[in-house]
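Asks: First the structure, then my questions, so here it is.
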Amino acid sequence: MGYPEVERREPLPAAAPRERGSQGCGCRGAPARAGEGNSCRLFLGFFGLSLALHLLTLCCYLELRSELRRERGAESRFSGPGTPGTSGTLSSPGGLDPNGPITRHFGQRSPQQQPLEPGETTLPPDSQDGHQMALVNFFIPKEKSYSEEESRRVRRNKRSKSSEGADGPVKNKKKGKKAGPPGPNGPPGPPGPPGPQGPPGIPGIPGIPGTTVMGPPGPPGPPGPQGPPGLQGPSGAADKAGTRENQPAVVHLQGQGSAIQVKNDLSGGVLNDWSRITMNPKVFKLHPRSGELEVLVDGTYFIYSQVEVYYINFTDFASYEVVVDEKPFLQCTRSIETGKTNYNTCYTAGVCLLKARQKIAVKMVHADISINMSKHTTFFGAIRLGEAPAS
């Protein structure tokens, strides 16, 4: 019990059932009984367990080997040339890490300190140590050459560093220590002086010239605030002429009291025996010979007329027209009772848009009629109402 023994793997008892299972179970397509099927599954279970144990042993072996390499490498870096264990061999346990797994295994109690189980015998100490090293060399056959090369490299480094000075060993010891975690970042240093000004850069490519086309006008802005009232201007002189022009212009013509027979006394049937009662000379002009009334100013005019007629056995109705530039504008017709000499009046009126230089007149339609030019019953006139409305 004081030293590790080589594990002796005896043949598993499941080998025999494997043969039996291969012969009796239905692995090759033959029909198998229920008992043979159970033995086949039992064999497969033992086989899987054995394979898992082999894999676990292999993993432990690889872990032990890597741990031993790390310990040997660390010891060869820190130990001197005369220190035991730097020879790179496994001839003595002193070359191993005292805290390593192999050293702990070797440092177990000796057969004198541990109780023996029944049937075990003790070995001498020399034979025990030799047996232990043989086991280690058996498991790790390649560690010997690796350790020897490592020890030679350490000796060469020691010789080269001994000539460097008194600080050499201290630096080697510092280099051999494991580096701790990095500390926190220090505060930033002061800014350095400004560097020299660099050369001027390459001038850029000139931009594309813009167009001279003006864009569409924007929407009108909001109205500004109302300004203060201005100073009162001087009072102007009253324009009497303007006041007169704004007043309505009137013309009124009436008969002179004569009796007229149209067929014998009138030329073209137009009445011309008029007397002026009132007339604005700036707006109207009367032509006495032709009996026409001329308009001098554009505007809207109200035109009216009345004629008194009487019957002399020639016709049974009376009719006349108000013409503008010899074109009929208004017409008035009145029937007369035959066989009597009754007097009858006929009145008409209307509004007309007239332009300057236009002429208006009263024209009789039938020639076989007589007219009484009384100032109270026969008259003709016009009133200017104002400017013509904008079209």
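A Cβ is built for glycine as well, from the same backbone N, Cα and C atoms used for every other residue.
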Asks: Which of CYS332, CYS352 is the other half of the disulfide bond that Swiss-Prot records for CYS346?
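Replies: So the cysteine that Swiss-Prot bonds to CYS346 would be CYS332.
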Asks: Across the compositional bias 'Pro residues' (181-203), what are the DSSP residue counts per state (helix, strand, coil)?
Replies: 0 helix, 0 strand, 23 coil
Asks: By DSSP, what is the split of the compositional bias 'Pro residues' (216-228) into helix, strand and coil residues?
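Replies: Going through the compositional bias 'Pro residues' (216-228) residue by residue, I get 0 helix, 0 strand, 13 coil.
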